[in-house]
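Reading through the structure tokens given below for one structure.
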Amino acid sequence: MSFRKVVRQSKFRHVFGQPVKNDQCYEDIRVSRVTWDSTFCAVNPKFLAVIVEASGGGAFLVLPLSKTGRIDKAYPTVCGHTGPVLDIDWCPHNDEVIASGSEDCTVMVWQIPENGLTSPLTEPVVVLEGHTKRVGIIAWHPTARNVLLSAGCDNVVLIWNVGTAEELYRLDSLHPDLIYNVSWNRNGSLFCSACKDKSVRIIDPRQGTLVAEREKAHEGARPMRAIFLADGKVFTTGFSRMSERQLALWDPENLEEPMALQELDSSNGALLPFYDPDTSVVYVCGKGDSSIRYFEITEEPPYIHFLNTFTSKEPQRGMGSMPKRGLEVSKCEIARFYKLHERKCEPIVMTVPRKSDLFQDDLYPDTAGPEAALEAEEWVSGRDADPILISLREAYVPSKQRDLKISRRNVLSDSRPAMAPGSSRLGAPASTTAAADATPSGSLARAGEAGKLEEVMQELRALRALVKEQGERICRLEEQLGRMENGDA
């Protein structure tokens, strides 16, 4: 008798999410209420940026990661736009540079002081003007320095050289309707887009040509999104004709049928996908949801494997994702999200439980670093390059929690009652007599300390034996499960 495979082996099967304590959240932030399906949040290893409500224009907060707790209403903002800010994105090659797109039809690039803002920042480093309607999408090139993509409600995609404020490419005939999102591939030679006409397009920006197109990737009328994966596949989220939320995986070489298609639920919030190329895990966050679902993408069918769901009580207004080089590798942290509530930002840590305190090579392969692989001029000339990788081993800090320290009192230094006059032995110095009198009590104290130490050691040995017994039991159960899956039992 054969059994259907119930459990797929995966090192990410036990990933769990944990919100941080309240004192590590960012409180009293007036998150933007603008109706736009943006993340409203961007984060890097130094700063957290959140689009906020602002009177008389658009603004966003930039906070050092360490500035947790209540944020004063008078805290300075980045406030140079004359209309609401719709999207923000940190430069992957400079942690102090951020770009913003706004309803005022402009893109602005800002230089944040190394230690954060001490006064409102109103003067951008660069203003990029080329759109005729509001700019809702900002995306830096992953490997070329100073190359920035913007897309607006004029259905135009512009690619800029920020260093010279020059418009490099204008793609104004490839999208007949509103663009929902864009995503670069790993080396920045192509990007994919999701459009209101229900099509997913793969575009070569330097040639200005359509490489591939899939009409009605999702048949529902609600917003959809598309992202490139590291292997060149395209992952999409959207809605079915019956308004059920869907996930799909596509091969750009053949967009006729999806490699995989899954239906999630019938909620109406747009699904925002966040992809980790190092682990091939996609985290899906629905706007207005109170959960984060995560899936592992593999090369074997069914390709999209559900892992787990993190659930909380409050719905999310937006979400930011920390780059891999900003995680705490010594705590086996594989992702960290910054969830926007109505009035605060709450970090959520995703962790893989591991027994060992050693650096986990399988969880942390070399990842994209902050160094650009190309200059803008090289990319324009036709060159492509993968991201320059760095090791996270240097960020690993060994845990010291397992060190057993026994603190022993110096019993000879204890204060003692004064001896009665004449109680010393005849001819013996008082200090000698005191030391002699202290010797029996000192021995008793040391014996008591030794007894406590022995109790601790016995308890430690008992715990080790229990852990070993449970480990053996788990191994037996896994073997039994394996035999059942293979039809041997």
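The count begins at 1 with the first shown residue.
Cβ atoms are placed via backbone N, Cα and C, with glycine included.
Marked as coiled coil by Swiss-Prot: 449-474. Swiss-Prot lists 427-443 with the feature compositional bias 'Low complexity'. Marked as phosphoserine by Swiss-Prot: SER2. As annotated by Swiss-Prot, region 'Disordered' applies to 414-443. Taken from Swiss-Prot, the feature repeat 'WD 1' applies to 80-120. The repeat 'WD 2' annotation in Swiss-Prot covers 130-170. Residues or ranges marked as repeat 'WD 3' in Swiss-Prot: 174-213. Look at Swiss-Prot and you will find 217-260 tagged as repeat 'WD 4'. Taken from Swiss-Prot, the feature repeat 'WD 5' covers 265-305.
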Ranked first among 80-120, 217-260, 265-305 for CB pairs under 8 angstroms with the repeat 'WD 2' (130-170): 80-120
Predicted model, mean pLDDT over the coiled coil (449-474): 80
Intrachain residues whose Cβ lies under 8 Å of the repeat 'WD 1' (80-120), provided they are six or more past its termini: 32, 34, 36, 38-39, 41-47, 49, 51, 54, 57-60, 62-64, 67, 126-129, 131-140, 142, 145, 148, 150, 152, 160, 162, 323, 368, 370-372
Long-range Cβ neighbours of the repeat 'WD 3' (174-213) (under 8 Å; 6 or more residues past either end): 37, 136-137, 139, 141-144, 147, 149, 151-153, 155-157, 159, 219, 221, 223-228, 230, 232, 234, 236, 238, 250, 252-253, 255, 277, 379-380, 382, 384-387
